[in-house]
Amino acid sequence: METKRLTQRSMVFVLAGGRGSRLKELTDRRVKPAVPFGGKARIIDFALSNALNSGIRKMAIATQYKAHSLIRHLQRGWTFFRAERNEFLDILPASQRTGTEAWYAGTADAVTQNIDIVDSYDVDYVIILAGDHIYKMDYEVMLREHVETGADVTVGCLTVPRMEATAFGVMATDETGKITSFLEKPADPPAMPDDPNSALASMGIYVFKWSFLRELLVADALDTNSSHDFGHDLIPEIVENGKAMAHRYDRSCVRADGAPVYWKDVGTVDAFWEAHIDLTNFTPDLDLWDKNWPIWTYSESVPPAKFIHDERDRRGMAISSMVAGGCIISGTEVRNSCLFTGVHTNSYAVLDHAVVLPNVVVNRHARLRKVVVDSDVVVPEGLVVGEDPTEDAKWFRVSERGVTLITQDMLDKRAQAQ
């Protein structure tokens, strides 16, 4: 089968229902895949853009937890598919479609409850994706590899520090790339044979032939001992009784020559902040400026960013920073920061190593250092954060690495107490 034909007969099924509780208050109002990232996009845009850039125009998104923000984003920004060419992006909320009163019970169950819908798509291959990671990957390479090896499942994988592997599925392979063992989120991850400090971790990306996966899902649904999860149940079953192959991410990672392999789980406040600060570097690890592999998203119709005032201590300026459209930097010093769409800052304020989500207002004389500010926050005049950790911890959430998360609810409680 030709490669072009492979992508035309394939779809992606994106699992986008998880809260992402490690992001703390950032996911109080929205599901993790809907969290803004990179100045104007959402986290889910990376998985969807990878599919689109790989030539796959059949997409289904399973949603569950606080999905309104995500659904609104998809409806506004991902409506360019042509139904007459059998292109689509379908949103599949948990809706008890199997006749039971249960919502999605696990990652595999999210597909099981939509078996009839996937049947109607008439595809040969299904790529299961997590909707909450930041990376650029050509799924076509992995899909072709899956077909050529005759695997029952192909699992995307990459090398991670062993002590961080407790959050992932961890596998071992033989010299052919066949997976010989698979442990989901082990307390003591096994090391790679040639590197005691590293482990081979699953990316949560799986390629199946639909007919094979369908049979597996039907059997799993009848298993009362199953948690109905790909990592805990289905993948170990195939490793033991079938042919599971590992696909090394470095073979399909989209990057410039000599650039590092980039894949981030921005699932903590620290990781979220660090990924954004990296974007302000001279040569960031993640290239958002690659016209050959664009990150598609919904773009508001807003004017360009504007910088106002040029006086001592009242100069609208941004150094080593990303400033999105619709921002007004009025007499504010911005350094090593990422400002999302529609941020307005006022005179004598300072933003240093700050990640400021959309539609935030920063009032005069505020000083914010090493912070993440949630969307729609109004920062009061004279607020100082990032200089006194003890004081910050009284009102805001301070992470293990000293990043302070600020939300409107936190500011309201602070104002009421003073």
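Glycine is treated like the rest: Cβ placed from N, Cα and C.
Keep in mind the model is a prediction, meaning the values are calculated, not measured.
Swiss-Prot names Tyr104, Glu184, Lys185, Ser202 as alpha-D-glucose 1-phosphate ligands; from the candidate set Gly131, Gly169, the record adds Gly169 to that same site. Compared over the binding-site residues Lys185, Ser202, the count of CB atoms lying within 10 A of a residue's CB peaks at Ser202.
Here the Cβ of Gly169 (alpha-D-glucose 1-phosphate binding site) has 24 other Cβ atoms within 10 Å, regardless of which shown protein chain they belong to. Within 10 Å of the C-beta of Glu184 (alpha-D-glucose 1-phosphate binding site) we count 17 further C-beta atoms, all protein chains included.
Reduced to three states, the DSSP call for Lys185 (alpha-D-glucose 1-phosphate binding site) is coil.
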